[in-house]
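Database features, via Swiss-Prot:
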type	residues	note
DOMAIN	8-283	domain 'tr-type G'
BINDING	17-24, 81-85, 135-138	GTP binding site
Amino acid sequence: MPRQHAIEDYRNFGIMAHIDAGKTTTTERILYYTGKSHKIGEVHEGAATMDWMEQEQERGITITSAATTAFWAGKRLNIIDTPGHVDFTIEVERSLRVLDGAVCVLDSNQGVEPQTETVWRQGDKYKVPRIVFANKMDKTGADFFKCLADIVDRLGAKPIAIQLPIGAENNFKGLVDLVKMKGIVWNDESLGAKFDYVDIPEDLVEQAKEYREKMVEAAVELDDDALAAFLDGNEPDEATLKRLIRKAVLTGAFYPVLCGSAFKNKGVQPLLDAVVDYLPSPIDVPAIKGTDDRGNEVVRKADDKEPLALLAFKIMDDPFVGTITFCRIYSGVLQSGTGVVNSTREKKERIGRMLLMHANNREDIKEAYAGDIVALAGLKEARTGDTLCDPDKQVILEKMEFPEPVIEIAIEPKSKADQEKLGVALAKLAAEDPSFRVSTDQESGQTILKGMGELHLDIKVDILKRTYKVDANIGAPQVAFRERVTKKAEVKYTHKKQTGGTGQFAEVSIVVEPNEPGKGYEFESKIVGGAVPKEYIPGVEKGLNSVMSSGVVAGFPVVDVKVQLVDGKYHDVDSSALAFEIASRAAFREALQKGKSVLLEPIMKVEVVTPEDYTGSVIGDLNSRRGQIQGQDMRGNANVINAMVPLMNMFGYVNNLRSMSQGRATFTMQFDHYAEAPANVSAEVQKKFA
């Protein structure tokens with residue numbers, strides 16, 4: 001079947017925002033007005049189409065980014081719904097990676113919130129073109145102009161209003177379209193499906209002129225001809241203006257800001273028009289780069305004629321279809337039944353069922369093209385971030401980077417049957433979410449779950465109990481400490497064992513020193529003249545690696561260390577890779593002691609938003625948790641406190657904060673860096689773990 005929509009008519013975009021800014025409601029309305037949903041799902045009734053996992057419907061927050069295809073103005077929209085809670089930023093990173101553009105939704109009562117900043121920074125990292133939608137204009141305290149100021153102050157970006165609200169709060173009637181210079185008002189009886197263009201209300205004419213002038217001036221700066229014409233007194237026509245605004249979005253010169261209330265069904269259709277008019281198609285963004293099987297850089301253009309390349313960006317377990325792998329096709333054509341190679345893992349796969357997803361309804365397809373986002377059923381080897389490609393033209397697309405988990409809990413199944421179910425379930429959950437790790441404690445034999453925060457692990461445990469029916473005891477959350485050396489140390493170690501017959505002999509000299517923070521572990525062999533034969537070097541590395549997972553302070557993983565193998569001795573008969581492994585392990589442990597290893601603890605960036613009355617109590621409490629206050633400012637009538645606090649002191653903080661502020665203060669927390677733990681904390685941890 002030939003392609004039904006030209007690739008320039010595709011819009012692959014995501015909707016990103018702070019939790020509770022109304023992102024899922026906005027997506028729901030988009031699905032309703034594009035004719036995909038017959039009944040509007042309300043988040044607060046737990047019925048939103050995109051939020052299809054049970055846990056999401058109960059908590060009213062979006063956890064997994066569901067991908068949906070819809071159509072508007074002859075264009076094909078592939079929408080990725082992303083979570084706004086900080087514990088799920090991995091989902092956001094992953095979806096931004098495969099999008100061409102994004103709509104950033106703000107709560108116009110709150111302006112730019114902490115998680116908005118996080119997702120905005122992630123958007124900057126992947127250079128995602130964005131437009132902004134100031135939502136909830138019907139709410140008490142809604143302030144469109146504060147949103148504009150916040151974008152400058154908190155995001156350091158240049159916002160340009162292309163709409164203005166008509167009224168606000170209870171009187172929010174509609175909006176002024178500054179491109180057309182017309183008002184738009186909605187018909188409430190039709191659930192906002194019908195709207196009319198009207199003259200701009202008299203009391204807004206001056207304001208509309210002022211903001212239109214700002215918009216036109218910003219736009220014409222991007223084009224010499226338009227600027228020359230403008231300076232001669234000729235305003236750009238509507239088509240030129242749209243072309244220039246589009247150029248601004250694609251280059252990041254400025255960000256168009258729209259407004260509305262998705263909940264009250266106002267402003268959604270113009271938002272869809274803006275997606276079509278201003279967000280890029282797959283051919284408007286730079287072609288994706290990768291490396292071929294020889295390690296050379298190659299480019300894959302968004303074109304059906306190019307060799308096939310697709311990226312797996314999400315894996316889900318579906319009760320009816322089994323494992324579903326969401327993929328973005330960057331180039332070429334994918335047909336069901338064809339063989340592909342997973343170049344990341346060097347495994348062959350056959351494409352079975354191909355599905356187009358609509359939240360959790362699905363449509364079988366036989367063929368998909370460059371620019372499509374498809375769900376593939378039954379892939380055996382694929383993991384998040386893997387590349388699937390043409391076996392004859394192999395490529396590995398850019399890898400995604402996933403953050404290290406900072407919190408862990410032990411889980412013990414209650415019975416043998418639960419043990420078996422747990423194993424299967426954890427393998428599936430770890431495949432779906434790379435920021436969720438599973439390991440076994442070597443000494444206790446316990447299964448350890450690691451994640452990005454308490455909520456992240458709560459939800460995983462919930463899924464284990466509900467979806468996989470695993471009955472288990474859950475331990476208290478533990479902090480993921482690390483260890484590192486603080487000074488250079490040189491150690492020579494000889495391993496000798498003689499017990500009749502062949503003995504064991506190996507001698508190594510190593511130099512261990514701190515590496516730059518974040519640089520991780522680096523090994524270098526400085527051996528010259530065969531003091532340690534080449535075939536034994538892997539044995540040395542194996543020994544060093546075995547110590548990296550369990551340091552000398554309290555048995556936590558060692559980070560940011562450089563190890564050089566500078567000298568050694570071997571014996572023709574008694575030396576072996578195993579002997580060198582044992583020698584290097586002992587040498588490394590001794591060097592870590594000599595190099596004054598210290599305990600590192602995760603430090604979290606905490607932002608508390610509280611009414612003025614509770615500021616003193618909140619700051620006092622943060623100080624008592626070894627927090628360092630970084631600054632305060634006002635947001636509306638609330639006080640915003642920024643602090644760096646050790647994670648080990650933040651457990652159960654949510655309940656404390658609630659009781660301290662009578663439920664009126666909120667906080668967000670995300671991992672910032674590792675820092676050396678004070679001596680008393682280190683001693684306490686050593687007593688507990690060593």
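Each position is counted from 1, following the chain as shown.
The backbone N, Cα and C atoms fix where each Cβ goes, and this holds for glycine too.
Secondary structure at Lys23 (GTP binding site), as computed by DSSP, is helix. DSSP assigns Ala17 (GTP binding site) to a strand segment in the three-state reduction. The Cβ of Lys23 (GTP binding site) has 30 neighbouring Cβ atoms from other residues within 10 Å, across all protein chains displayed. For the domain 'tr-type G' (8-283), the predicted model reports an average pLDDT of 82.
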